[in-house]
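Engineer: Copying in the features that Swiss-Prot gives for the protein in this structure:
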type: ACT_SITE; residues: Lys87; note: active site, schiff-base intermediate with D-ribose 5-phosphate
type: BINDING; residues: Asp30, Gly159, Gly256, Gly277, Ser278; note: D-ribose 5-phosphate binding site
type: BINDING; residues: Arg171; note: D-glyceraldehyde 3-phosphate binding site
Amino acid sequence: MKINLEELKFGTELIKRGFAKMQKGGVIMDVTNAEQAAIAEEAGAVAVMALHKVPADIRAAGGVARMADPKKIQEIIDAVTIPVMAKCRIGHIAEARALEALGVDMIDESEVLTPADVFFHIDKRKFVVPFVCGARSLGEAVRRIWEGAAMIRTKGEAGTGNVVEAVKHMRLINRAIFELQKMNEERIYGVAEKYASRYAELASRVREEMGLESVSRNDVVFEEYTLGEIIDGIYEILLEIRELGRLPVVNFAAGGVATPADAALMMQLGADGVFVGSGIFKSSNPPEYAKAIVEAVQHYDEPEVVAEVSKGLGEAMKGLDVFKLSEDERLQTRGL
């Protein structure tokens, strides 16, 4: 008897998460053209992320950062045999649908681009293509997983070449999971209520302005979901995290990884893989940096290998001191 995965309760979710797990232990590299994509594939990247500018250039250019030109994305798809991902703006359903129609293998609903919606992220369960999303905390990660994200990545601080924020976000998530494992069901439900409250912000603001009563569990607050349904869904995810001792989806490091040692550090902190944005193609020797970072991820627990692949690479990308960035300059604050 042939099984139709679409008819199973978690059929498409299994497919999406399965694709994401296939990238585990690998490096996903940002590329802006077919030539860079070929360099990434040659170096051993498990996938490439197609975008119009690397994060460092997006940060420098300012203005509104949008989805890349579909023609450019198609050229990258045609140039490589590895999976091709692409970024859409937070909450921009139309960009995501366009990318899905284009045939990308995964969509990154990314804070690196200018957000399109300040209230909601995309309901990713309504798409066939899997999504990856950034997170600074367990709350952000769980909300994205509830929405259907098949992969989580640290936000870090993209385009800085400074790994400190990625380290912070990984440690915050790991510590929250540690705390969760000590909680009983009642306390976990309280955490779920707190995490779910972000979905009620639009309805709460409108009701307050109109002088109406506050939002209740039975009120629809996001798409067709009531606040109570969201709380219950997040509660189930938290129980799963408590049982597993980790997120139920793969969790990659991203945002500021610039050297082989940076990549190895994030793997040592528990990352399942690494995204490298500006670190490769803003370095003095992109092909060699790409190969070295792949080697460092594969051998993150072998310091002698990390040291060897780091020799003679030339200058890493110029970095920024994230502590000198204003709140408006911090890309990680985008999203909810």
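Positions of Cβ are set from backbone N, Cα and C atoms, glycine also.
The shown structure was predicted, so the numbers you read here are calculated from the model rather than taken from an experiment.
Surface or core, plus neighbours and distances: that's what I need for these features.
Structural biologist: With a 10 A radius on its CB, Lys87 (active site, schiff-base intermediate with D-ribose 5-phosphate) counts 30 other CB atoms from all the protein chains.
Counting every protein chain shown, the number of other Cβ atoms lying within 10 Å of the Cβ of Ser278 (D-ribose 5-phosphate binding site) is 25. Ser278 (D-ribose 5-phosphate binding site) falls within a helical segment according to DSSP.
DSSP classifies Arg171 (D-glyceraldehyde 3-phosphate binding site) as helix under the three-state reduction.
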Engineer: Taking the binding-site residues one at a time (Gly159, Gly277), which has its Cβ surrounded by the most other Cβ atoms within 10 Å?
Structural biologist: Gly277
Engineer: Just counting, how many other CB atoms are there within 10 A of the CB of Arg171 (D-glyceraldehyde 3-phosphate binding site)?
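Structural biologist: So the number of other Cβ atoms within 10 Å of Arg171 (D-glyceraldehyde 3-phosphate binding site) is 13.
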Engineer: Counting across all protein chains shown, how many other Cβ atoms sit within 10 Å of the Cβ of Asp30 (D-ribose 5-phosphate binding site)?
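Structural biologist: Looking across every protein chain shown, the total is 29.
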Engineer: For D-ribose 5-phosphate, with binders Asp30, Gly159, Gly256, Gly277, Ser278, what's the maximum Cα separation in whole Å?
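Structural biologist: Pairwise Cα check on Asp30, Gly159, Gly256, Gly277, Ser278 gives a maximum of 12 Å.
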